[in-house]
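These come from Swiss-Prot:
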TRANSMEM  10-30  transmembrane segment
DOMAIN    54-255  domain 'ABC transmembrane type-1'
TRANSMEM  60-80  transmembrane segment
TRANSMEM  92-112  transmembrane segment
TRANSMEM  130-150  transmembrane segment
TRANSMEM  179-199  transmembrane segment
TRANSMEM  208-228  transmembrane segment
TRANSMEM  240-260  transmembrane segment
Amino acid sequence: MNYFSKLSCSWRITLGYLLFMLILPILALLSRASQELFSNFWSIAMEPAAIYAYSITLSMALIASIVNGIFGIFIAWILVRYNFPGKRIVDAAIDLPFALPTSVAGLTLATVYSEKGWIGHFLQSLSIKVVFTKLGVGVAMIFVSFPFVVRTLQPVLQDIEKELEEAAWSLGASSWTTFWKVIFPSLIPSLLTGIALAFSRAVGEYGSVVIIASNIPFKDLTAPVLIFQKLEQYDYTGATVIGTVILSISLFILVGINIIQSLNQMYSK
């Protein structure tokens, strides 16, 4: 009797689902890319347009995840610690990027931030252009990845005992000192998780970016859009190679963050 036959039905279903929905697609991508490894993999992966697309994608995703990390802390704090009219509506609106099709999100952002839009008209007077620029790419990534940080921080903030803050206050600590010395250290693992999830979501964003950006090489073309352009040109090899590079970078960053989290939890005990 082999090991697989000893597994319970629930384990078999779980492993089967992960195999067909996650593992096999990744292996298929890597297998197809490996066919080009000894011929022109690196020449395709290191094309100037591809390198610039990587830099735009990763830099904008990093900025978006950091921005969401900063504002996510404050928003999660307000939603957990304060009661105010319309709180449930605000809390439900946090999940809007999850439910909204990315193409609709891109159209909405392009409308609002266009030169004649509500926000874009004001920014235009400050000589700031969002639509069809790298800034627009960043705005789209911030929008679609925003909920991850808030939703990962909320349960942690709810579990923090109010008595810890009161004890710090009784010892003369200010509210700001209490937050940084007492509350923030316990938020670090969840914050890193939320930022990592936001980063991963932003790196793979296509639907909203393709609408709000001009998608011109060496300007604001991102890697996911470049992959789709390759597919439109029937360049399946190029699309596979670029996709493999982005996948590898994302996995490397996620593994690194998980290692940092593990070390942080180990030393905090």
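All positions are counted from 1 along the displayed chain.
Any Cβ shown, glycine's included, is placed from N, Cα and C.
Keep in mind that what you see is a predicted model, and the values were worked out from it rather than measured.
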Which sequence-distant residues neighbour the transmembrane segment (240-260)? Criterion: at least 6 residues beyond either end, Cβ under 8 Å. 26, 29-30, 32-33, 36, 41, 44-45, 50, 53-54, 57-58, 192-193, 195-196, 199-200, 203-204, 223-224, 226-227, 230
Given the transmembrane segment (130-150), its same-chain partners at Cβ distance under 8 Å and 6+ residues beyond its ends are 56, 60-61, 63-65, 67-69, 72-73, 75-76, 79, 94-98, 102, 105-106, 109-110, 113-115, 119-120, 123, 191, 194-195, 197-199, 201-202, 205, 208-209, 212-214, 219-220, 222
Top stretch by Cβ pairs under 8 Å to the transmembrane segment (208-228) (candidates 10-30, 60-80, 92-112, 179-199) is 92-112
Intrachain residues whose Cβ lies under 8 Å of the transmembrane segment (60-80), provided they are six or more past its termini: 87, 90-91, 94, 134, 137-138, 141-142, 145-146, 148-150, 153-154, 157-158, 187, 191, 194-196, 198-199, 202-203, 222
